[in-house]
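Quick look at what TrEMBL annotates:
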DOMAIN    3-262  domain 'DUF7702'
TRANSMEM  6-27  transmembrane segment
TRANSMEM  39-58  transmembrane segment
TRANSMEM  70-94  transmembrane segment
TRANSMEM  115-135  transmembrane segment
TRANSMEM  162-184  transmembrane segment
TRANSMEM  196-219  transmembrane segment
TRANSMEM  234-253  transmembrane segment
Amino acid sequence: MTLTTLNRISIAELAIYTPALLVAILLSSRHGFRKNAGWLYLVIFTTARLIGSSLNLATISNPPSNPPNLIVASQVMYSIGVSALVICLSNLLGRVLLGIRRQGTRTLISPRHQRLAQVVVLIGLILSVVGQSMMSGEIGDAIGGGGRGQAEMVTVPSESQAGLGLIMAGLGFVVLGTLVTTMLQARAVEPGEKRLLLGIGLALPFMIVRIVFSGLAAFGTDPRFRSYGGVASFVWYFLGMGVVMEMMVVLILEGVGLTLKRQPSAVPAGRWRERKYEGN
């Protein structure tokens, strides 16, 4: 059995995201498993990465001539993971904003804005999954070299490109919201939540690099960012701009999360509470 560099990366992800999943579950149990608590999406992200890595390793025992179901499923898990991480950042920012509203200060970013951004990201996720499924035939041809013995370039469907564009828009909302809150309303942030706002700010540059990598792969033609029909150096760009960036985001968010106090009412349990603090 010969391990490729991608296989070794998957092994490293299993080793890192297994304890990360346990920490994410701990944070969710401490701060709430509600979907708008943010930490639940960290559980979803780490789970998606573990499943995706396992599927990648499962391809070792399957010859390339087999239907590329495992590869497509692994890539779907990566799409789910990126979307979950963006929504996680959005909801954690929402926790900071809710703390401001609880003090009677109106925020420039309202819960309605957040819900709209999350819907946009979810639609992007659906389109990305549809696009990945449509690529299964081309991936099979690329693996087999189209009968010519060398990998072929895979055309990214417009559905995948549109989905990634929506996910980028969702991340742009988080970046804008973080900048606005930091520059205009930092004094109104609750003392304990300032660490969370700082953590979001520190994580965003890594997340931006991660999204840029996906954008270069989906919209560009540079073979360095193409897993099929690309060049051997792709794996190192994938490692540096994709895998490591995600790990840094998780490390920062979980590190900050462990320092936060438990605040059962920090995230609204229902829409009526959001309206109460919305001030609109």
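The backbone N, Cα and C atoms fix where each Cβ goes, and this holds for glycine too.
What TrEMBL says about a protein is an automatic prediction, not a curated fact.
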Other parts of the chain folded back onto the transmembrane segment (70-94), taken as Cβ under 8 Å at six or more residues beyond its ends: 36-39, 41-42, 44-45, 48-49, 51-53, 55-56, 58-59, 62, 109, 111, 114, 117-118, 121-122, 124-125, 128-129, 132-133, 135-136, 139, 143, 163, 167, 170-171, 173-174, 177-178, 181, 196-197, 199-200, 203-204, 207, 210-211, 214, 246, 249-250, 253, 267
Seg_contact(the transmembrane segment (234-253), the transmembrane segment (39-58)) with at least 3 CB pairs under 8 angstroms, min sep 6: yes
Positions on the same chain near the transmembrane segment (196-219), where near means CB under 8 A and six or more residues out: 82, 85-86, 89, 92-93, 95-96, 156, 160-161, 164, 167-168, 171, 174-175, 178, 181-182, 186, 189, 225-227, 237-238, 241-242, 245-246, 248-249, 252-253, 255-257, 260
Model confidence over the domain 'DUF7702' (3-262) (mean pLDDT, whole number): 85
